[in-house]
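Asker: Pulled from Swiss-Prot, these are the listed features:
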TRANSMEM  17-37  transmembrane segment
TRANSMEM  56-76  transmembrane segment
TRANSMEM  92-112  transmembrane segment
TRANSMEM  117-137  transmembrane segment
TRANSMEM  194-214  transmembrane segment
TRANSMEM  222-242  transmembrane segment
TRANSMEM  255-275  transmembrane segment
Amino acid sequence: MIIHPQFDPVLISIGPLAVRWYALSYILGFILFTFLGRRRIAQGLSVFTKESLDDFLTWGILGVILGGRLGYVLFYKFSDYLAHPLDIFKVWEGGMSFHGGFLGVVIAIWLFGRKHGIGFLKLMDTVAPLVPLGLASGRIGNFINGELWGRVTDINAFWAMGFPQARYEDAEAAAHNPLWAEWLQQYGMLPRHPSQLYQFALEGICLFAVVWLFSKKQRPTGQVASLFLGGYGIFRFIAEFARQPDDYLGLLTLGLSMGQWLSVPMIVLGIVGFVRFGMKKQH
């Protein structure tokens, strides 16, 4: 079993100011978005100009941060934040939701499109291929923080990783499983899936490769966005089987996690949209 290296979450500290790895992962994501966006402009595959891309980035950042935070509050810990509403503003303590961030960006795209006279679906198609590498960067941030670890796996599996930060969850899980209790006593922690790295590979690298290559040619309006929507939903749904469910929610109906249930509409809408927009080309 490999032990998580327990990186210092703070990259640089100057007096009271601290630059955290997690914040850096977001910054890197926005840099990659801009770099890829300019590549697409140069290739003639974008509705953006260099100036409008920079303008949209501001809208996108607001959508990611506000939507991601509100999504986490509403989808995952609503009762806690209802009791302590000021904690909503403590973003530095963590707590962001992709699905909330996605909805925030969709709203930003709609507002930006109205302002600049760009069709919503055309703008969605342009933005979709620029997003996955940013998601990959965010998952590396999760891994460095040692958060969002995976479910317990076999002690002899080559991918098995112990997360010192999960000791409380390890003890709770071992209380209901004699074999896990034996492992915990022997190794001090349970072997878990490094699910952050699975999500990095699936939602980040694989999704980027699929959407980027598909969008290198002109496609029917709405089809690229649908591919991203359905592709993310499928990859996230798969990865959630290895990810530890949130302790305050656990598994929901049909033994699925909140992340899986939030991904189901994305899968359905993505598949329906991909087929429907593709059929329009045939007519």
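The backbone N, Cα and C atoms fix where each Cβ goes, and this holds for glycine too.
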Asker: Please report, as numbers and ranges, the same-chain residues at least 6 past the borders of the transmembrane segment (56-76) whose CB is under 8 Å from any CB of it.
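Answerer: Long-range Cβ neighbours of the transmembrane segment (56-76): 26, 30, 33-34, 48, 88, 91, 95-109, 111-112, 127, 246, 248-249, 258, 262.
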Asker: How about the transmembrane segment (17-37) and the transmembrane segment (222-242): do they have 3 or more C-beta pairs under 8 A, pairs 6 or more apart in sequence?
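Answerer: When sequence-distant Cβ pairs are counted, the transmembrane segment (222-242) does not touch the transmembrane segment (17-37), since fewer than 3 lie under 8 Å.
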Asker: Do any residues of this chain, six or more beyond the ends of the transmembrane segment (222-242), have a C-beta under 8 angstroms from a C-beta of it, and if so which?
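Answerer: Here the qualifying positions are 98, 121, 124-125, 127-129, 131-132, 135, 150-151, 153, 193, 195, 198-199, 202-203, 206-207, 210-211, 214-215, 256-257, 259-260, 263-267, 269-274, 276-278.
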